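One structure is given here, and the rest of the page talks about it.
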Amino acid sequence: MRAGTVISLASVLDIDAGHRRRVLYRGFVSEIFVPYMDPEEEWYFHTFLDAGGYGLGVSASSLQRGADCPAGNAVYFDGYYSDPDGRPVKAEDVICVFERYSGDIAWRHTGIAEQEVRPDVTLVVRMVATIGNYDYILDWEFKTSGTIKCVVSLTGILVMKATSYTRVEQIREDAHGTLVAENTVGVYHDHFITYHLDIDVDGTRNSFVKKTITPVRNTGNPATGGADTPRKSYWTVRREVVETEVDGQAKLNGALPVELLFINPGKKTNVGNEVGYRLVPAGATAASLLADDDYPQRRASYAKKQVWVTPYNKSEKWVPGLYAEQSTGDDNLAAWSRSNRRIMDEDIVLWYTVGLHHIPYQEDFPVMPTVSGAFELRPSNFFDRNPLLRTRPPPRNGYSPNCSCNVGSG
């Protein structure tokens, strides 16, 4: 079990269409790359590929009922992995599934004389992989809006370095970390969690679209998109359907905002938009800062960009290559993509990396509070209208659950 929890055949029920529609054929964590930033003799080799070196499934922790998952409504499942002789080994209670009622709002609006609110309800699939000192909480969240959200949360214990320093004023050189306690340095490091997502939006023939939000000066001429008004500027969207995988790479936090979509050009909504899902980063968008010729960076050269899109190939599952511990960078995602294969109107795979630069602080010692990063696959012209419109409103004290409340009433 190198990947841990694998989500297969994820689909959403389109009530208006009267059937289920495919979104994701398969999704899993392909690798967790953790390089430490101390170049000294005892530390320089601390650059881990956790999935390839240890395995996320075999590192899955049994979940503590009522603590790792809600006490009232969680269901637990066992997992299996192979021992060195190929025999199945049972791991008890390593996955839980539950509905989350967090108090978040799915949608709301207050009109002149009425108010409508719908609470957000999420189905969560959770596992925890404990790899050495870190615990990774890996959540797949399925929302009634059709959104699929992936959340990775980090906790556990920092890797510490012994030092003679007892106070910060004594430090005269780069300690490569933070003095978190007397004689104890928490070393700087990164976490890059890369997901393999075989996208199937309403079928296997999909395309990758970049929408760049571009500022425009108002020319005053309607022929060039302007208007004869006092407005001096506005922004518009420049749309590019990506043809090959080299152009399918993207580094977030660029000069101009970009929306990244996966569309099915053969399927359209009732007004003619191509059905699709878009990638929505939700924090933790760090990229690697290591030099390209540094050995750990060669093994994980994909970590310089958060987004890669490739055509499906059954042999391309593990982002650093099949043999991660022996990798020299010639069998990884960056190497595969150099062939620049076609990704337009093809069966395509999204590789997305959640990235965190971790500067330790004293609050991280001795046990680190949870920190999270996430991203969403969100419907974008996939439905003809908001799929939550059929959701029943919650009961209100003194009112029928099927009626809007009157703002002016007592």
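Placement of Cβ uses the backbone N, Cα and C atoms for every residue, glycine included.
Where the annotation comes from TrEMBL, it is an automatic prediction and has not been curated.
What TrEMBL lists as active site, proton acceptor is Asp50. Cβ neighbour count for Asp50 (active site, proton acceptor): 23 (other Cβ atoms within 10 Å of its Cβ, all protein chains included).
Positions annotated as active site, schiff-base intermediate with substrate by TrEMBL: Tyr134.
Feature annotation from TrEMBL assigns compositional bias 'Polar residues' to 399-410.
The feature domain 'Copper amine oxidase catalytic' is assigned by TrEMBL to 2-388.
Summarising the annotation, TrEMBL assigns 2',4',5'-topaquinone to Tyr134.
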Please report the Cα separation of Asp50 (active site, proton acceptor) and Tyr134 (active site, schiff-base intermediate with substrate) in Å, rounded to an integer. 10
List every residue in the same chain as Tyr134 (active site, schiff-base intermediate with substrate), at least 6 positions away in sequence, whose Cβ is under 8 Å from its Cβ. Val34, Leu154, Thr155, Gly156, Ile157
What is the average pLDDT across the domain 'Copper amine oxidase catalytic' (2-388)? 94
